[in-house]
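Participant: Got a structure for you, questions after.
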Amino acid sequence: MTLSFFDQFMSPTFMGIPLMALALSLPWILYPAPSTRWLNNRFLALQSWFINRFTQQLLLPLNIGGHKWAALLASLMIFLITLNMLGLLPYTFTPTTQLSLNLGLAVPLWLATVIIGLRNQPTHALGHLLPEGTPGPLIPVLIIIETISLFIRPLALGVRLTANLTAGHLLIQLIATAAFVLLPLMPTVAMLTSVVLVLLTLLEVAVAMIQAYVFVLLLTLYLQENV
């Protein structure tokens with residue numbers, strides 16, 4: 001019974017063929033293609049409004065040099081939100097509960113921000129490793145600490161997204177199992193547990209959206225330091 005709780009996080013396969021690529025490509029199929037018509041349907045109008053508002057929020061702390069990342073960051077935001085929301089449906093697989101996928105997204109994007117900083121302003125980028133006014137004896141220690149914190153950033157991005165989604169899915173499954181088991185024994189307690197389950201599901205919807213936003217927001221802050 002304990003092991004079955006973690007079966008939902010296993011990568012799906014069909015006849016020995018991994019379906020991870022199919023799970024990652026499904027969100028792009030659900031969204032309509034942009035149209036050249038003057039008047040679009042409500043869904044396209046809502047999608048365009050959301051993308052424009054989100055892009056404006058992303059570009060607020062960035063200078064002109066970072067605006068070229070707007071399309072990439074907005075696409076990543078929509079992609080992560082869609083994966084997280086689809087994972088809340090019954091009998092579905094959430095790719096963002098896999099640490100390997102999240103690190104595969106976090107490490108290249110973080111590395112790109114670091115390379116941009118070293119290429120455009122190497123002195124300023126290396127200056128982050130040593131705060132101004134540091135006493136002489138603390139210089140080697142602080143350089144080591146700042147270097148470690150720099151390399152921990154992509155790991156923190158991936159682990160944060162994985163841990164939050166995994167914990168939420170496990171908690172939903174545990175409470176759903178408890179409600180199912182208590183239904184024939186204590187119906188009143190089972191109904192109260194079901195109410196808690198509904199509230200927790202609503203909370204997980206918010207967590208799915210917030211964690212995708214935090215992932216992209218932190219990448220934006222890393223980019224801001226290097227452009």
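Note that the numbers count up from 1, one per residue, in the order the chain is shown.
Glycine is no exception: its Cβ is also placed from the backbone N, Cα and C atoms.
Pulled the feature table from TrEMBL, pasting it below:
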- 12-31: transmembrane segment (TRANSMEM)
- 69-89: transmembrane segment (TRANSMEM)
- 101-118: transmembrane segment (TRANSMEM)
- 138-158: transmembrane segment (TRANSMEM)
- 170-190: transmembrane segment (TRANSMEM)
- 196-223: transmembrane segment (TRANSMEM)
Participant: Tell me if the transmembrane segment (101-118) touches the transmembrane segment (196-223). I count contact as 3 or more CB pairs below 8 A, with pairs 6 or more residues apart.
Facilitator: yes
Participant: Between the transmembrane segment (12-31) and the stretches 69-89, 101-118, 138-158, 170-190, work out which stretch tops the count of Cβ pairs under 8 Å.
Facilitator: 69-89
Participant: When you scan the chain for residues with a C-beta under 8 Å from the transmembrane segment (101-118), skipping those not six or more beyond its ends, what do you find?
Facilitator: 20, 24, 76, 95, 124-126, 150, 153-155, 157-159, 161-162, 215, 219, 222-223, 225-227
Participant: Any residues 6+ beyond the ends of the transmembrane segment (69-89) with a Cβ under 8 Å from its own?
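Facilitator: Sequence-remote neighbours of the transmembrane segment (69-89) are 23-24, 26-28, 30-31, 51, 54-55, 58-59, 62, 95-97, 105, 109, 161, 165, 169, 201, 204-205, 208-209, 211-213, 215-216, 219-220, 223.
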